[in-house]
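Worksheet for the structure shown next.
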Amino acid sequence: LPAFRDPKLLTKDEHFKEVPVRIYLPRAPSASKRRAVIFIHGGCGMFGSIRSYEKVCRYIARESDSVVMSVGYRLAPEHKYPGQNLDCLGAAVHFLETAESYGVDSGRVIICGDSAGATFSTSVCQELVDRTDIPKIRAQVMIYPFLQALNFNLPSYQQNAFIPLLSRKRLIHFIIKYLNKDSALEDALLKGSHVPESINLKYGKWINPDLIPDEFKQGYKSPGSASCVAQAYKELKEVFETTFSPLLAEDSVICRLPDTCIITCEYDVLRDDGLLYKKRLEDNNVQVTWHHLAEGFH
């Protein structure tokens with residue numbers, strides 16, 4: 001679908017590495033090269049599009065006087081995981097390589113996403129830490145990110161289990177659909193019986209309710225540890241990859257990530273994912289700005 005007409009913006013539809021993108025360029029002349037935002041939309045990797053997020057991207061471009069590139073990654077389950085991550089990575093790399101042709105200062109490019117879009121943008125940042133052939137991402141903005149699939153009984157998952165629009169049950173259902181797995185595995189994800197004890201021991205230092213500040217733990221009850229079901233682990237191995245659960249990345253990667261802004265909402269099952277990542281970044285001396293919406297929801 002064509003872009004909306006906007007008197008303050010010029011829009012271009014292009015393909016970067018076969019991935020459709022829409023670029024929003026402020027029409028007003030600029031005395032210097034502009035900043036840019038790589039925007040990756042949410043929707044559990046299965047919903048959303050460039051068009052459905054056009055109002056958001058136009059607003060960002062106008063209000064920040066920045067060039068915005070919106071990524072139209074291909075959707076699951078037709079386009080299988082990790083195709084979404086690869087589409088976002090390919091488009092981001094191409095934009096960084098060609099930023100100056102759009103009047104952009106290649107040293108002032110940030111990446112931003114909401115929900116699954118924040119997952120993909122975080123994955124892109126982690127993938128690029130070793131790249132020396134392209135400009136560095138200046139900062140990342142994570143709007144209520146999904147970051148781990150090991151523990152769905154953290155305080156925020158218990159407190160907001162039945163809150164629309166993203167209940168705990170619906171989130172788990174979407175994960176199973178996104179990975180194109182049997183719906184019978186939903187119960188294993190909920191209980192944590194897809195996680196072997198060795199993985200719990202390895203990542204418990206990062207995914208642990210004890211790391212959540214007390215003010216966010218009202219009414220929390222520890223569910224106890226679930227016995228691992230070998231078949232569930234075998235079927236759901238993808239969830240332990242850092243492209244799916246970026247919170248599991250090693251400190252050697254985390255410490256080299258760019259400045260980060262994290263936005264969390266009180267009435268959101270994913271709230272604690274953001275809080276745990278915030279702590280990991282701070283523990284690794286990454287500059288973090290955190291905004292919490294006390295009355296916000298997913």
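One is the number of the first residue shown, and numbering goes on along the chain from there.
Placed from the backbone N, Cα and C atoms, the Cβ positions cover glycine too.
Now, the feature entries from TrEMBL:
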type	residues	note
DOMAIN	37-189	domain 'Alpha/beta hydrolase fold-3'
DOMAIN	229-298	domain 'Alpha/beta hydrolase fold-3'
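Over the domain 'Alpha/beta hydrolase fold-3' (229-298) the predicted model carries a mean pLDDT of 98. Helix, strand and coil content of the domain 'Alpha/beta hydrolase fold-3' (229-298), in residues and according to DSSP, is 30 helix, 19 strand, 21 coil.
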